[in-house]
Amino acid sequence: MASSSNYCRNSFTMVSVTLLMVMCSMMSFASAQLSTSFYSKSCPKVIGTIRSEVHSAVSKERRMGASLVRLFFHDCFVQGCDASILLDDTSSFKGEKTAFPNINSIRGFGVIDDIKKKVEKVCPGVVSCADIVAIAARDSVVILGGPSWDVKLGRRDSKTASLSQANSGRLPGPTSTLANLINRFQAVGLSAKDMVALSGAHTIGQARCTNFRTRIYNETNIDTSFAKTRRSQCPATVGRGNNNLAPLDLQTPTGFDTKYFQNLIHKRGLLHSDQVLYNGGSTDSLVEKYSKDSKTFNSDFVKAMIKMGDINPLTRSQGQIRKNCRKLN
Ligand code: HEM
Ligand SMILES: *[C@@H]1O[C@H](CO)[C@@H](O)[C@H](O)[C@H]1NC(C)=O
């Protein structure tokens, strides 16, 4: 949707203005419906309720903040930000949780359940799981020291999920080339700049050995001592120690800052898909800028998170407000 509305803005002068206006208002309808004040009458306590639950989850385990940010990304890139990722498999239904990018990797479902229970007590049947995920991601960034913003709200929850979409490459993998990353983001209406800014989320959180083994053993654009340190916890033999963890930002793994970009400049990106952002290509200058300028990074990151949150929301009578985020009503 975001891409179609961008296209629309640029093509007004080209053909029939009225026809285009009708088409464009239809296409951008859904995201235009989101609003930062959506629950101000129906559930004024929702923001505080979610924030205190995220606070307690992140104080128990700092990494959970990172996991909640990633949950929002993986929700939005498959079918849009509609809580499709939260649906459990059943005997007759295979959801997104077992998709390659998610299995043994995506976390935070229990925290979302806890939040939902509290929110249902304050305002039953009002707040969607999709909006809870969006707010929890923002709260996590703030708690870990990053910027704040007003989250656009009013998303509804899907009645479906898509294992095949989740496995289709929509969610780019850690061995992606720069061209592939740019493509995958473009496909959901996000620019190369948005992609680099959003990759800055790798200033927090952890990755598993299986996702960076080839990089630390076989790539040459990597700092030697960094590779050596990472090898000590990630065996070369394929299949061994696959789930051993390493921080995506070796300097401040639970602090939201610009050290991720500084690492890239020193060839200390953990994933192949991190280092391609600074490897002689078109995004080098932006990485340099963000590494030195946290104000610009924070502001671009916020803009891109808001844009990502606008991907194909369900609104009005679409979807439902799930009572339990794991299953349909
Ligand atoms: C640019 C394309 C991206 C790729 C290829 C990518 C890939 C990955 C991979 C492979 C991991 C480690 C998973 C594991 O080993 O279990 C990871 C972790 C993470 N990703 Fe990304 N990611 C990308 C973009 C993003 C975006 C846009 C966000 C959020 C805005 C994000 C947030 C995170 C966070 C916070 C973690 C750590 C999660 C945790 O510790 O639980 N990533 N990513
Ligand atoms: C490194 O490359 C060699 C030669 O292509 C290959 O046999 C080996 O499996 C690779 N190792 C890793 C850890 O990717």
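Placed from the backbone N, Cα and C atoms, the Cβ positions cover glycine too.
Note: TrEMBL annotation is automatic and uncurated.
Annotated features in TrEMBL:
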ACT_SITE  His74  active site, proton acceptor
BINDING   Asp75, Val78, Gly80, Asp82, Ser84, Glu96  Ca(2+) 1 binding site
BINDING   His202  heme b binding site
BINDING   Thr203, Asp249, Thr252, Asp257  Ca(2+) 2 binding site
DISULFID  Cys43-Cys123  disulfide bond
DISULFID  Cys76-Cys81  disulfide bond
DISULFID  Cys129-Cys325  disulfide bond
DISULFID  Cys209-Cys234  disulfide bond
DOMAIN    33-329  domain 'Plant heme peroxidase family profile'
SITE      Arg70  site 'Transition state stabilizer'
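Other than the site residues Thr203, Asp249, Thr252, Asp257, same-chain residues with C-beta atoms no more than 8 angstroms from the centre of those residues' C-beta atoms, the Ca(2+) 2 site, are Ile204, Gln251, Pro253, Gly255, Phe256, Thr258, Lys259, Tyr260.
The recorded positions recorded for this entry are Cys43, Arg70, Cys209, Asp249, Thr252, and the Cα of Arg70 lies nearest to that of Gly80 (Ca(2+) 1 binding site). Shown are the disulfide-bonded residues Cys43, Cys76, Cys234, Cys325; of these, the residue with the fewest other Cβ atoms within 10 Å is Cys43. Closest to Asp75 (Ca(2+) 1 binding site) by Cα-Cα distance, out of the recorded positions Cys123, Cys234, Asp249, Asp257, Cys325, is Cys325. Within 10 Å of Cys325 (disulfide bond), as judged by C-alpha distances, no recorded positions are found among His74, His202, Asp257. In three-state terms derived from DSSP, Arg70 (site 'Transition state stabilizer') belongs to a helical segment. Each of His74, Cys76, Phe77, Gln79, Cys81, Ala83, Ile85, Ser158, Ala161, Ser162, Ala166 belongs to the same chain as Asp75, Val78, Gly80, Asp82, Ser84, Glu96, is absent from that list, and has a C-beta within 8 angstroms of the C-beta centroid marking the Ca(2+) 1 site.
In this structure, the binding-site residues under consideration are Ser84, Thr203, Thr252, and the one with the smallest number of other Cβ atoms within 10 Å of its Cβ is Thr252. On the backbone, the CA of Asp82 (Ca(2+) 1 binding site) and the CA of Cys76 (disulfide bond) stand 7 Å apart. Note on the domain 'Plant heme peroxidase family profile' (33-329): mean pLDDT across this stretch is 98. Here the CA atom of the residue listed as 'heme b binding site' lies 11 Å from the CA atom of Thr252 (Ca(2+) 2 binding site). Candidate recorded positions: Cys43, Arg70, Gly80, Cys81, Asp82, Cys234. Those with a Cβ under 6 Å from ligand 1, in sequence order, are Arg70. Close to Cys209 (disulfide bond) in the fold, though at least 6 residues off in sequence, lie Gln233, Cys234, Pro235, Gly241, Asn242, Asn243, Asn244, Leu245, Ala246, each with a CB less than 8 Å from its CB.
You'll find the Cα of Cys129 (disulfide bond) roughly 9 Å from the Cα of Ser84 (Ca(2+) 1 binding site).
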